[in-house]
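S.K.: Submitted below is the structure of interest, expressed as structure tokens.
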Amino acid sequence: MISSTRCNFLGNSGLGGCGNVCGGQRRGSGPWRVSCMSPSNDRNGSVVMETPLKEIKNEPVVEDVDNNPISGGGPRDVYGEDKATEDHSVTPWSVSVASGYTLLRDPHFNKGLAFTEKERDAHYLRGLLPPTTIPQETQVKKMIQHIRQYQVPLQRYTAMMDLQERNERLFYKLLIEHVEELLPIVYTPTVGEACQKYGDIFMRPQGLYISLNEKGRILEVLRNWPEKNIQVIVVTDGERILGLGDLGCQGMGIPVGKLSLYTALGGVRPSACLPITIDVGTNNEKLLNDELYIGLKRRRATGQEYSELIHEFMTAVKQTYGEKVLIQFEDFANHNAFDLLEKYRSTHLVFNDDIQGTASVVLAGLVAALKLVGGNLADHRFLFLGAGEAGTGIAELIALEISKQTNGPLEEIRKNIWLVDSKGLIVKSRKESLQHFKKPWAHEHEPVTSLLDAVNQIKPTVLIGTSGQGKTFTKEVVEAMASLNEKPIILALSNPTSQSECTAEEAYLWSRGSAIFASGSPFPPFEYKGKVFVPGQSNNAYIFPGFGLGLIMSGTIRVHDDLLLAASEALAEQVTEENFEKGLIFPPFTNIRKISAHIAAKVAAKAYELGLATRLPQPKDLEKFAESCMYTPAYRTYR
């Protein structure tokens, strides 16, 4: 019987689930003679290898995907997960052919009652399932009814996570078809509560946990992950989870949720995604005293101890998965986020969603909003409440876009962008005490301590909240914005909902219906004087899935600021006149996969233009190629 330990010939031949046996890379029956042991001998339907190792070595070697990177689906389509290979039969390889009870317990291949009569015979499923056969479409209807019966969002979250662990394709089919309803469940705002209660709801591990205990052994830990063709890693150290603060090891809900969206919205196949939490301790006293806390019960490591662990991780990732694996930093505290991005952006393919992703989606909303308010970006004055990762990241990308449009120097353009932090307006007299990432935004002005005074003195046309502090856009602040502007742009971006600077209802009511509003978390439509306003959601999920797909399909090796600008412009192009009539500055999520394909194509085109793409030759139609690379959750026919 084949051991679950991966030996060399299994890895090289593809039998270990790491080669190119399935999908578009191998369409016919395999050259190996494999026989399934009868259920009486082995209830799990394990397989034995009847062909001698000598004969296997003499068999033709399956060509590596990288030698023909743009055929039969996207790069390294090992399992036949992409749209281009949707009609091909596949063999449900694990370490062996999954059959019987084992197949029903494998979320990658389990189809539940959708197994056909032929498949039930071929894979020893007779008697293990009720006799009826139900198509996937009916399963989706059943599951959405099941999810809707729960009134508490966290219960819906746990039901979705349970489905993901049982039937991966059904999970993604459900999420794609009901994306607007389920996005707030699998991600913000519900994921915030899930992280807070992760120890209580923890059932089985998802992703990799790398702690200080593994220092010096991170390469070994990465090799424990069963999938070898990783294309995207989302990693957090849990120090600044949304607007909720230090949740330590329980921040794993963020990488898991982000990667679910990479697959559902951006079509990055789930087998290529790896969520990671780096546990260096926590300073959250409540967690340290909680017997159900799942992480290290010690104070956070800092300084050299922290830096050495992160550097070992970054080195090990590159050594294990290569130059082109995308590493997305998620919810690191300000003091680490900027330093890590700056340190590794020239040596790794790194992306910080809090700094760069948020900036890209907000810039897209502002570009779209110009069609409602008129003028160019350079004609507007911006005031931020919050000068951390998101605030300074957005400010810098706005300045870069204006500089690109006007050919003006960045230093001059920055003077039209103002930031308020916890101590008031950032001005030159405070420069010596400011953190390095705030210093470019310290302008000549007298000190101002309150947001309302800053609004009245700076007279912004755009007010953006990234403070993580709820209810800070007060009635007086919104009224002041409305008195200064015919159509004030007000973006309350902090997550989750409880931390939003104001609600949609407050923005529309206090501005007397004049505000152009968007928020980080979803809010329901609001009717004011007979007109229904539909608030937009400035959600990073518009950008990072398509952005990541564009990097992967082009083999891009570094993230350049121009790629972020290309993503913003591509998203802004997707807002229709119908959307504008409702007051929206972002398109609805119902069409998100086509939006993601469009963004991916624009990002890839810019990468090829800048010489950063390595996957050659460049496809003629990048958008069609992006769509062909996208994961499709439809069930496959098993041989």
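Each residue, glycine too, has its Cβ placed from N, Cα and C.
Annotations for this protein, taken from TrEMBL, read as follows:
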type	residues	note
REGION	63-85	region 'Disordered'
DOMAIN	164-345	domain 'Malic enzyme N-terminal'
ACT_SITE	Y187	active site, proton donor
BINDING	R240, N495, N539	(S)-malate binding site
ACT_SITE	K258	active site, proton acceptor
BINDING	E330, D331, D354	divalent metal cation binding site
DOMAIN	355-608	domain 'Malic enzyme NAD-binding'
S.K.: Least buried of the binding-site residues E330, D331, D354, going by other Cβ atoms within 10 Å?
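M.R.: If we count Cβ atoms within 10 Å for the binding-site residues E330, D331, D354, the smallest count is at D354.
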S.K.: Among the binding-site residues N495, N539, which residue has its Cβ surrounded by the fewest other Cβ atoms within 10 Å?
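M.R.: Across N495, N539, these binding-site residues, the one with fewest Cβ atoms within 10 Å is N495.
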S.K.: Which one is it, among the recorded positions K258, E330, D331, D354, that lies nearest to R240 ((S)-malate binding site) by Cα separation?
M.R.: D331
S.K.: Quick one: pull the CA-CA distance for D354 (divalent metal cation binding site) versus Y187 (active site, proton donor), whole Å only.
M.R.: 15
S.K.: Let me know the most crowded of the recorded positions, choosing from R240, K258 and counting other Cβ atoms within 10 Å.
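M.R.: Answer returned by the neighbour count: K258.
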S.K.: If you skip the near sequence neighbours and keep only those at least six away, which residues in the chain come within under 8 angstroms of Y187 (active site, proton donor), Cβ to Cβ?
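M.R.: Counting only residues 6 or more apart in sequence, the Cβ neighbours of Y187 (active site, proton donor) under 8 Å are G257, K258, S260, L261, A541.
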S.K.: For the domain 'Malic enzyme N-terminal' (164-345), what's the model's average pLDDT?
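M.R.: Looking only at the domain 'Malic enzyme N-terminal' (164-345), pLDDT averages out to 95.
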S.K.: Over all pairs in R240, N495, N539, the listed (S)-malate binding residues, work out the largest Cα-Cα distance in Å.
M.R.: 18
S.K.: Fill in the CA-CA distance, E330 (divalent metal cation binding site) to N495 ((S)-malate binding site), as an integer in Å.
M.R.: 14
S.K.: If you measure N495 ((S)-malate binding site) to D331 (divalent metal cation binding site) at Cα, how many Å is it?
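M.R.: Cα to Cα, N495 ((S)-malate binding site) and D331 (divalent metal cation binding site) are separated by 12 Å.
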S.K.: Compute the C-alpha separation of N539 ((S)-malate binding site) from D331 (divalent metal cation binding site), stating it in Å without decimals.
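M.R.: One finds 15 Å between the Cα atoms of these residues.
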